[in-house]
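Presented below is the structure to which this report refers.
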Amino acid sequence: MFISGYSVVAGAAERLVLGYDSFGNVCGRKNTPVEGANLSGLDMTNKKYVFFLNSCSLEIQSLKSSSLSLCVSSCPQQQLNSLEDLQSFARNNGSFLCVYNLNVSSYTLNPKAAQLCPTLPVPPSKSFPLFNRCVPQNPECYSKYASVLISMVNEMDIFHRVLSGILAGRDTVIGLSVLALAFSLMLVLAFRFIHTLLIHTLIALVVFGLLFVSGVLWWLHYDYRNDPSTELETEKENVKFLLGYAIFSTIVTVVLLSLIFVLRKRLLFAVQLFGIVGKIIGRIPFLLFQPLWTFLILVVFWVFWVAVLLSLGTAGTAHSTSGGQVEYRALSGICYMAWYHFVGLIWTSEFILACQQMVIAGAVVTCYFNRNKKTPPAHPVLSSISVLFCYHLGTAVKGSFLITILRIPRIVLLYLYNILNHKENAKHLFNCCFCCVCFWKSCLGYFNQHAYTTTAINGTNFCTSAKDAVCILARNSAKLASISCFGDFLLFLGKVFVVCFTVFGGLMAFNYHRELQAWVVPLLLVGFFAYMMSHSFLSVFEVTADALLLCFAIDMETNDGTAEKPYFVDQELLTFVSQSNKLTDGRKHRSTRPFQDNEDGTELQPMV
């Protein structure tokens, strides 16, 4: 909260988004005056473009322009050769190209007009989509202007270049996020009414998407690498990131295609499992609306997070200089705050998703441990939400924190890989460490879900629930591991489908706006948002299936099917588990040891 409040007070994201003049006025909005600057604090609501008075002879030193800049309502699209032309342009278009305190009627009369107006002739210019600058169209002026901007961008640190890329592609990022939302909703409906044909169609689309995205990434890397006009540091970074994306995408493609080929026959069991899961969701239809609320909360948080990030990137104080101009001095330590802010993004996002998982698990547990299957419990989702907020928010915080702890080393290892790119021994060590971290993160995420379910059943804290869940899974791994694995793999293919086609749309959209854009980072954010959206929506089926199987395991251990201790499971699920494990006579061979024989004597019982 301190970082957020500090960034809002000290930052001004509008300066990056809208641009500002030499007097501290942000173009396109009302401004507050700066002490010592007489021309500050003006209303620039209708003046959205930044215009340089000497655009053909710009010089940049320490990210500062040698030319005065003004906020204007429109850029001159024809060459202006005299003060009379400037006056006529101002009267006809309402765009004043001379310093604000010079009246338009004095353009041709004031003896200082030559110093207060742009250098003549004024070349024709057009508004540039990045930061609303008036860019000269004259070839000679344009080359000088572009070289100055290249130098300015290359002098910026990576943090501000990333911010520039995010701001430049903000509309594209929003559009791609909406596209990911549409794909996620489509998959939710597909899994709700799943059948074999849909599975084959999904697999075919995933294979096509993986191959196509990998091919496009390699083509873009080749195109960027052999482009002779690549001069910007951001464009050089694009080449490096594209190579990394292409290699990663190719490896993922090969691995997933191999797994699809090996598991193609067993995926039919996953179809049957999701058929049963669909019936459970049919008894609790409001479960399908749970991801919508989660998505809205995530969107609000992400918008807030990006706003704070932009404010951090523009945090600084305004100081007036000689001549009444204003300059902004950046504050020290901002980059460290940005890293802390990034950790907050991961932790809070995982916490929101953990709350959703606990709500779903609680509703499924309530429905499973209900004797009368024809009359489901009243309001299981609302009941689960109330239990979460009253008793188990700490469990969600602990689980999401553990996930965050393992995500951070992955980011650090990726950063070290970029540093040690040319040292083979270091790269091998990095690969081993990275694989270990990814493996433990996946395992932790798997056990976290079951810990949430155990918490919903027994009402215990996170550590006790996690230990109980591990014991149950260890004793029933032979029966349930393969079923859960196939179901999770099928859902993972659904997430890959959403990410693939969203990233492909991003590649096509960002490739049309190469100039001055570090678009590989916005593309990475798009991929992250697409995965989080798809995970949020498809986790309904994932958590429901995992919770259902864990409830089944606990049911088998705490009950024996007699009249005194009958099973809670319905016949369809029992038959499915037996068939999938080729153990139709499983009752004769299963262990009947109750769960209370574990080390600490904990006994899991259905919540009343």
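In case you wondered, yes, glycine gets a Cβ from its N, Cα and C as well.
If you look up TrEMBL, you'll see 585-608 marked as region 'Disordered'. Residues or ranges marked as transmembrane segment by TrEMBL: 173-194, 201-221, 241-262, 267-286, 292-314, 351-370, 489-510, 516-533.
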Are there at least 3 C-beta pairs under 8 angstroms linking the transmembrane segment (201-221) and the transmembrane segment (351-370), leaving out pairs fewer than 6 apart in sequence?
no
Where among 173-194, 201-221, 241-262 do we find the most Cβ pairs under 8 Å to the transmembrane segment (489-510)?
201-221
Hey, which of 173-194, 201-221, 292-314 has the most Cβ-Cβ pairs under 8 Å against the transmembrane segment (267-286)?
173-194
Let me spell it out: take the transmembrane segment (173-194), skip the flanking residues so only those 6+ beyond its ends count, and list any with a Cβ under 8 Å from a Cβ in it.
166, 202, 271, 274-275, 278, 281, 288, 291, 295, 491, 494, 497-499, 501-502, 505-506, 509, 522, 525-526, 529-530, 533-534, 536-538, 540-541
